[in-house]
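Peer 1: Residues or ranges marked as active site, nucleophile by TrEMBL: B:177. TrEMBL lists B:144, B:166, B:177, B:256, B:379, B:384 with the feature substrate binding site.
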């Protein structure tokens with residue numbers, strides 16, 4: 001991946017190897033030259049790791065992020081001590097208060113960091129100041145089972161929004177996704193940034209499910225350093241949303257073992273929340289996911305998945321409509337020609353399933369991927 | 001499978017082919033000689049099929065069951081008409097009121113019955129009286145993707161409880177499982193039979209999940225004809241429970257593509273309901289299921305699955321204990337010897353995961369199976 005142009009001004013970074021992973025960068029730091037506004041959301045897992053706990057307690061206006069990849073530092077006896085030590089050393093080297101750095105860590109659960117190996121490398125690699133930010137290297141440095149880095153930018157007046165993300169399994173985010181960070185040189189006041197970020201996350205990362213499993217390490221943050229001056233806030237929200245949605249689609253496409261992305265557009269619901277529940281039921285159904293994998297226009301499995309929501313008493317099969325791509329399959333006469341056209345859509349690598357509930361005008365779109373033999377192979381063989 | 005001894009007295013049956021499936025029995029009827037007491041529970045799917053709707057409205061004391069396999073008769077324009085016609089014809093041939101027959105149907109969704117082919121065969125095969133019950137043939141006749149019939153018996157005083165079940169995919173029953181029928185010659189009063197049956201279903205079929213998907217056709221019923229006279233009701237409940245649990249374990253072992261059964265025993269919960277939610281989160285996690293498939297002692301994925309229940313604020317990682325078989329893995333020093341012993345347990349075909357929450361004394365056990373390449377292959381290639 002080429003370094004995208006432009007990058008937000010006023011950020012510095014390093015991506016290096018501290019011996020957590022074999023033969024790849026496993027430690028990155030991004031820091032702003034100047035004070036910032038920022039917002040962040042985290043996993044709600046009861047097994048949230050020490051990195052999440054430290055970052056939750058971080059300052060409102062963080063200066064940067066420290067990310068370790070390859071080890072989640074979760075459910076180990078000295079996890080909090082290690083996370084505190086790593087963040088503290090990084091802060092000391094960079095000359096910023098420790099509570100102004102977010103720390104995040106993903107990878108295997110239940111194994112201690114190789115901390116003796118990590119600390120000397122950390123001290124020798126963190127110069128002050130760091131080199132000018134190389135976001136492409138940062139996007140690569142936070143990967144675990146990802147097959148490719150995920151980075152998107154959007155312009156907003158004279159400012160740039162840049163987002164990176166990692167994570168392709170254990171993904172049904174709830175208030176956040178695995179790891180995603182947005183950096184911008186726009187000046188955005190703190191309360192507005194927080195409100196905008198929560199709205200954006202709700203319709204992007206919280207609309208994504210790879211495999212119904214929720215990580216213990218999910219962290220999403222945006223850091224705005226104001227180097228490009230003030231921007232129109234509505235335009236900023238659109239730019240942030242477009243970056244986030246592009247990252248979500250890339251994560252779905254890179255889902256563990258995935259061959260296709262699945263977009264489920266639910267319309268005609270009582271409200272957006274009901275539409276989201278219906279969309280999640282469809283995109284999470286292993287029988288729907290395997291039917292998509294096999295390019296089988298088996299809309300009966302979509303009906304089954306909608307039907308599982310037995311507490312939604314206003315969902316009436318008589319009013320439900322189900323389409324694959326542009327093809328209405330239920331209700332419809334099941335002709336060979338229709339099923340062939342639907343199968344052709346399912347044979348592509350971007351599948352859209354539409355469910356119209358016929359109740360009111362609530363709508364929500366969710367994102368996921370098919371379930372393949374590759375997912376099973378990867379997760380049977382690999383300790384994550 | 002040999003016909004088990006003994007069978008409950010006073011039942012008659014037929015298993016035959018009406019052309020729904022290719023080359024296998026697809027139509028069965030079981031009927032009691034004498035009036036009965038009975039109880040039944042059904043899927044709560046919003047897309048429940050016409051068979052479920054007719055059976056829900058059936059009499060309190062049903063005389064028998066009519067089952068079609070290979071076609072669910074769900075989400076088709078004339079489904080209710082067809083189900084009414086089939087049940088009515090069967091009732092006429094057998095000389096019982098139609099509302100005293102349950103009807104059930106499973107298989108592909110969205111395709112009409114080949115009704116013109118079915119009716120003549122139905123009329124010629126249903127003699128009055130039917131032959132004495134052959135429950136082994138009935139258990140085979142209700143199969144769809146099952147690889148083997150499922151039938152268990154238990155004695156209770158001078159009476160027999162016999163249960164049959166089918167279904168190995170689209171299985172996370174909610175108030176019932178795909179299709180399971182219990183026949184007994186015990187005399188059990190109607191209200192007691194209903195209460196006993198609901199208690200038994202709650203800790204057996206409602207504790208089972210193959211793939212988180214819930215069928216549109218789930219039906220569970222018990223029919224008691226009293227031919228063997230009264231029994232001790234506590235003993236009857238134990239007999240019914242043992243039959244139901246044996247069937248649940250067989251369904252899990254025959255789960256689509258499954259190589260291993262997974263039993264998740266949750267203890268130390270606030271109450272049984274919380275223990276059940278924790279158990280379901282673990283047994284439904286694709287990352288836990290693939291780790292079991294790969295015999296990987298990756299208890300971190302169990303911790304992750306427990307952690308997903310973020311609304312259970314009393315779950316404290318500090319008090320949680322996780323074991324595979326008899327091996328406590330969390331908290332524990334992660335020695336090679338320990339991990340080897342855990343991997344050996346996971347290498348067997350009956351895996352037990354124990355989660356102790358350390359809150360109070362609520363407990364619940366759930367049943368499921370691993371996730372394999374075979375599940376993906378089967379459900380990508382086969383229209384169900």
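Quick reminder: no glycine exception, Cβ is built from N, Cα and C everywhere.
Keep in mind that TrEMBL annotations are predicted by a computer and have not been checked by a curator.
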Peer 1: Is there any among the binding-site residues B:144, B:166, B:256, B:379 whose Cβ is under 8 Å from chain A, and which ones, in sequence order?
Peer 2: B:379
Peer 1: Around the Cβ of residue B:379 (substrate binding site), how many other Cβ atoms lie within 10 Å? Please give the count over every shown protein chain.
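Peer 2: Within a 10 Å radius of the Cβ of residue B:379 (substrate binding site) lie 29 other Cβ atoms.
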Peer 1: What does DSSP assign residue B:379 (substrate binding site), in three states?
Peer 2: helix
Peer 1: Enumerate same-chain residues with a sequence separation of six or more from residue B:166 (substrate binding site) and a Cβ-Cβ distance below 8 A; give 'none' if the list is empty.
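Peer 2: Counting only residues 6 or more apart in sequence, the Cβ neighbours of residue B:166 (substrate binding site) under 8 Å are B:69, B:106, B:139, B:142, B:143, B:144, B:146, B:149, B:150, B:178, B:179, B:180.
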Peer 1: Return the count of C-beta atoms lying within 10 angstroms of the C-beta of residue B:144 (substrate binding site), excluding that atom itself.
Peer 2: 23
